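Q: Quick one: this structure, given as structure tokens, is what I'll be asking you about.
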Amino acid sequence: VVGGDECNINEHRFLVAIFNSNGFVCSGTLINQEWVLTAAHCDSTDFQIKLGAHSKKVLNEDEQIRNPKEKFICPNKKNDEVLDKDIMLIKLDSRVSNSEHIAPLSLPSSPPSVGSVCHIMGWGSITPIEVTFPDVPHCAYINLLDDAACQPGYPEVLPEYRTLCAGILEGGKDTCNYDSGGPLICNGQFQGIVSYGAHPCGQSLKPGIYTKVFDYNDWIQSIIAGNTAATCPP
């Protein structure tokens, strides 16, 4: 996250870190005791999930590590289009209990409204061009913009991709490299998943692109309920 500050250690209990043998890959969001939501483009062969983390150097006593037991990507996702249905649901290999730094964030009860203030967070780069990893997650507040605000900067993002456009039009605050998969929280509701953006991060007229969680509520709830053949909206 560029243009932000260190997150309050108690305000991201649902934020998880996804890492593999090469190191930190992505963030994700705990949505109940055994399921995490992230971006499909965060998938890799050997990743693990760390819950309850804040600082990379000073570990929280209640940090937990889980492996993915099952991973679900929309069966109707166009695989050659990385921005299409950029959402992945992960079942953990064992449940996690709520603790001081671990608690889920529920799915949105209504779609987000343009103009709402949204919270972004992650362990991604805090500088826009070269990648600078912070020791702690950084947080910032941005605005949910009309889809038309992202159209000029991102002609490749098609309307059927079910995305949200969020940022600051004049630039300066944005998610950045390695923030992928983390949450966009608007008016307290989990509305987006960090998917795509410009490089360098935080450019004017190039807000961030987020997967619209609300459109996938039915698919997510079906998978969790055991209907593993459920498909996503077109």
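The backbone N, Cα and C atoms fix where each Cβ goes, and this holds for glycine too.
Pulled these features from Swiss-Prot for this protein:
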DOMAIN    1-225  domain 'Peptidase S1'
DISULFID  Cys7-Cys139  disulfide bond
DISULFID  Cys26-Cys42  disulfide bond
ACT_SITE  His41  active site, charge relay system
DISULFID  Cys74-Cys232  disulfide bond
ACT_SITE  Asp86  active site, charge relay system
DISULFID  Cys118-Cys186  disulfide bond
DISULFID  Cys150-Cys165  disulfide bond
DISULFID  Cys176-Cys201  disulfide bond
ACT_SITE  Ser180  active site, charge relay system
Q: Output the one of Cys74, Cys201 that, of all these disulfide-bonded residues, has the highest number of other Cβ atoms within 10 Å of its Cβ.
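A: Result for the most crowded candidate: Cys201.
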Q: Sort out for me which one of Cys7, Cys26, Cys42, Cys186, Cys232 has the most neighbouring CB atoms within 10 A, since those are the disulfide-bonded residues we care about.
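A: Ranked by Cβ atoms within 10 Å, first place goes to Cys26.
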Q: Work out the three-state DSSP category of His41 (active site, charge relay system).
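A: Going by the DSSP assignment, His41 (active site, charge relay system) falls within a helical segment, counted as helix.
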Q: Would you say which of the disulfide-bonded residues Cys150, Cys176 has the most Cβ atoms within 10 Å of its own Cβ?
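A: When each Cβ's neighbours within 10 Å are tallied, Cys176 tops the list.
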Q: Show which residues of the chain containing Asp86 (active site, charge relay system), separated from it by at least 6 in sequence, have their CB under 8 Å from its CB.
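A: Non-local contacts for Asp86 (active site, charge relay system): Ala39, Ala40, His41, Tyr161, Ile193, Ser195, Tyr196, Thr211.
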Q: At the Cα level, what's the spacing in Å between Cys201 (disulfide bond) and Cys42 (disulfide bond), rounded?
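A: Rounded to the nearest whole number, the Cα-Cα distance is 18 Å.
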Q: From the Cα of Cys176 (disulfide bond) across to the Cα of Cys232 (disulfide bond), what is the distance in angstrom?
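A: Answer for this pair: 27 Å between alpha carbons.
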Q: Between Cys176 (disulfide bond) and Cys186 (disulfide bond), find the distance joining the two CA atoms and give it rounded to the nearest Å.
A: 18
Q: Roughly how many Å lie between the Cα atoms of Cys74 (disulfide bond) and Cys42 (disulfide bond), rounded to a whole value?
A: 14
Q: Find the one among the recorded positions Cys26, Cys118, Cys150, Cys165, Ser180 whose C-alpha lies closest to that of Cys7 (disulfide bond).
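A: Result: the closest of the recorded positions to Cys7 (disulfide bond) is Cys118.
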Q: Under a criterion of Cβ-Cβ distance under 8 Å and sequence separation of at least 6, what residues of the same chain contact Cys118 (disulfide bond)?
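A: Result: Pro112, Tyr141, Ile142, Asn143, Leu144, Ala166, Leu184, Ile185, Cys186, Asn187, Gln191, Gly192.
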Q: Over all shown protein chains, what is the count of other CB atoms within 10 A of the CB belonging to Cys139 (disulfide bond)?
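A: The answer is 19 other Cβ atoms.
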